[in-house]
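*Asks:* Starting off with a structure, shown below.
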Amino acid sequence: PTETIGVILTIFCLSPSVELHVDSAQTMVFASSGGNATLPCRFWFEPELSLAREVRIKWSRTSAAGGPEDDVLVAIGNRSRSFGNFRLFKGLDSAGDAALIMTELQLNDTGRYRCEVVDGLEDRNSAVHLELRGTGVVFPYQHPRGRYHLSFVGAQQACEEQDATLATFTQLFQSWKEGLNWCNAGWLADGTVQYPITRPREPCGGHGLGPGVRTYGRRHQHMHRYDVFCFSSSLRGTVYFLQPSQKMNLTEARRTCQEDGAHIAKVGQLYAAWKFRSLDHCDAGWLADGSVRYPITRPRTNCGDSEPGVRSFGFPPPQHKHGVYCYKAEDQ
């Protein structure tokens with residue numbers, strides 16, 4: 001046994017040292033909801049090999065909010081297994097190219113993606129961050145019981161229920177530059193709590209601070225309670241106001257949309273219609289979460305503030321009478 005081990009070690013030591021390298025040309029990729037994205041990743045050996053080796057490639061993802069890392073694609077040679085709308089790049093010169101192709105991007109696809117290449121006992125990896133930006137709208141959201149009732153997990157769920165996702169700092173900062181002014185602090189995707197101020201005032205950090213995005217930093221995701229900033233991107237359908245001969249309570253409003261071949265609209269859908277389709281209607285209507293709102297792109301008398309936006313009457317008792325905003329998907 002001792003002689004056998006000695007022979008193996010001698011052969012190993014006489015083998016030339018080959019080092020595996022993995023790199024991404026970009027550390028950040030930006031895309032928009034519903035579109036496609038390519039996350040770059042290349043690998044090579046030094047010194048260069050005369051014969052190609054069959055390596056194992058694995059892409060995994062950690063959401064923008066953190067948490068466990070989940071596999072999205074695993075490949076060995078020409079065999080691969082995908083856990084979603086993912087595939088590897090295969091081009092005319094694809095040797096060493098492990099780029100990840102993503103199609104039909106959803107709002108919750110944002111996060112940190114790790115490309116890992118394994119050659120025998122050696123493995124190397126590189127990371128790329130994906131963020132959805134461009135066409136989109138950030139909106140503040142409160143729990144029906146009022147201000148500061150959402151834990152971080154509750155904030156995630158609230159945005160998802162409104163056809164949106166937690167906004168990132170980049171998205172909130174862009175919205176602040178576009179004029180978003182909101183004095184209530186809200187969760188962001190990275191677990192921080194922040195709020196955008198364009199007009200400094202006493203309850204919002206005081207007059208001594210200039211305009212900007214105020215931050216409370218990272219907060220305890222289970223113990224602390226705040227509002228949330230949600231982000232909604234593409235709108236694949238139509239939002240419209242509906243009021244038959246008379247106004248309706250919440251139950252009647254849901255039924256009215258269904259009878260019209262639609263669903264009662266969600267808050268994110270109303271904001272997206274206001275932002276992307278210039279929806280402008282000076283009548284308050286029920287939404288799916290039990291709130292009553294209306295969108296204004298052309299401010300005018302008796303239609304709320306002097307700035308464009310989505311006006312809110314909060315969460316009135318469900319027996320109150322209003323119109324309703326319905327959402328009809330494109331395939332409907």
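Positions of Cβ are set from backbone N, Cα and C atoms, glycine also.
Automatic, uncurated: that is what TrEMBL annotation is.
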*Asks:* Among CYS183, CYS204, CYS326, find the residue that TrEMBL gives as the disulfide bond partner of CYS257.
*Replies:* CYS326
*Asks:* Do you know which of CYS183, CYS230 TrEMBL records in a disulfide with CYS204?
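*Replies:* If we follow TrEMBL, the cysteine bonded to CYS204 turns out to be CYS183.
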*Asks:* Among CYS183, CYS204, CYS257, CYS303, CYS326, the disulfide-bonded residues in question, whose Cβ has the most other Cβ atoms within 10 Å in this structure?
*Replies:* CYS326
*Asks:* Determine, using Cα-Cα distances only, which of these disulfide-bonded residues is closest to CYS183 (disulfide bond): CYS257, CYS282, CYS303, CYS326.
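*Replies:* Checked the disulfide-bonded residues CYS257, CYS282, CYS303, CYS326; minimum Cα distance to CYS183 (disulfide bond) goes to CYS303.
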*Asks:* When the Cα of CYS257 (disulfide bond) is compared with the Cα of each of the disulfide-bonded residues CYS204, CYS282, CYS303, which one is closest?
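*Replies:* Comparing Cα positions, the candidate nearest CYS257 (disulfide bond) turns out to be CYS282.
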*Asks:* Distance check, please: Cα of CYS282 (disulfide bond) against Cα of CYS204 (disulfide bond), rounded to an integer number of angstrom.
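*Replies:* Counting only the Cα atoms, the answer is 29 Å.
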*Asks:* Can you tell me how the residues of the domain 'Ig-like' (16-131) break down into helix, strand and coil by DSSP?
*Replies:* 3 helix, 62 strand, 51 coil
*Asks:* Expressed to the nearest Å, what is the distance separating CYS303 (disulfide bond) and CYS326 (disulfide bond) at their Cα atoms?
*Replies:* 20
